[in-house]
Ligand code: UDX
């Protein structure tokens, strides 16, 4: 099938290459010239395991190309809209200008019988409005909403092997046409028996925001328990293990620590609250405000803990921050809890050395006031405290004995409950973590 993918950010670039991998003839379109050039040369503009290999493989088949010219989308049977919906400045609501712009640009090249498929995370009600617009301007062209659940770090795997497909379809015969086109796009995935949920537009839009709200709530739940553990001397990691054995609860997404960040969960729960307010249903989501509050409090608590171990003052203390990406296997620093803590420490007078295996360049660009070094060893040089804030494998596997020879004071703060506490304390370190007793 001929497919166009509008927007070649995280979601779109991976989607375009994945669709080519499924055998389709794909053009990825974006207004960002340097990004299009990089992608065309099989260079990923972001860190994502397996993506460059996929890009190189699919570009070599000749079935994948990238362009800045919208006209190249003409003639595709299916047009995927994969542009971003960031949080509006100074507001909770999502900024819809890129989605609106993408669809308006598509109208210029769209023909009857073609299908526009929204993948961006949007406020519920968006698709119905866009469907009316498409119907008015290009009668016979259709719209479907097909949310994407990919996780950074697993983007290729999640796109090619999703755990479910969600189709938000128009009513009646148009719905049958749209379904048939989507089934053809995803044929190998559908044939493998992947669960499929078909619904109206509003349900499909809400599936995404509801899923992310649930995940955020689960993380904030265990972090609220961590606050209680701190007050009582209980251990949040053991607590999570024990409640996680209950199938109905499950252990995944119960890792207490610095909480959630990134380009999705924080802005999605806020946009969801904003939309609920517009719909007069704000009470239904007031709990998400608390989810957000619990999450943000963890960052403040981490800074307090650092001050505590540094004998009550951060002034002039050398602090090593290991990890700055919002999670491991990513170079994404959007709303990163780790970076937020690093910046607060520096603002409060600490001499901070940050390191991250992938996010170094992004930090230097966005936070030029922070000192970035290449390795954990450099960061730890004569440190008064070491903070592990993103649980990269290389930090989890540090040898506490050898590492201890680099620092001034053997004090480690495990912001992600990811280190082997026994090994670190045996090597003479003072070990502190959120939601756990001092070791
Ligand atoms: C998320 C959703 O998982 C994905 O389905 C959706 O499509 C986009 O948003 P992503 O932002 O890539 O994906 O990251 P995710 O793995 O969900 O982690 C989000 C944040 O939660 C990270 O900052 C992570 O460190 C944190 N987290 C996750 C915890 O603090 N504890 C956990 O137990 C799990």
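Cβ coordinates come from backbone N, Cα and C, glycine included.
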Please state which member of 43, 88, 327 TrEMBL lists alongside 149, 150, 151, 152, 208, 253, 254, 255, 256, 257, 261 for binding substrate.
-> 327
Pick from 218, 267, 408, 410: which one does TrEMBL list with 30, 35, 85, 121, 152, 334 for the same NAD(+) site?
-> 267
Ranked by the number of other Cβ atoms within 10 Å of their own Cβ, which of the binding-site residues 151, 208, 334 ranks first?
-> 208
For NAD(+): widest Cα to Cα gap among 30, 35, 85, 121, 152, 267, 334 in Å = 24
151, 254, 261 screened against residue 121 (NAD(+) binding site), Cα within 10 Å - retained binding-site residues | none
Distant-in-sequence Cβ neighbours of residue 264 (active site, nucleophile), under 8 Å, six or more positions away = 121, 212
Among the recorded positions 149, 264, 334, which have a Cβ atom lying under 6 Å from any atom of ligand 1?
-> 149, 264
Helix, strand, coil residue numbers for the domain 'UDP-glucose/GDP-mannose dehydrogenase C-terminal' (320-421) per DSSP?
-> 33 helix, 18 strand, 51 coil
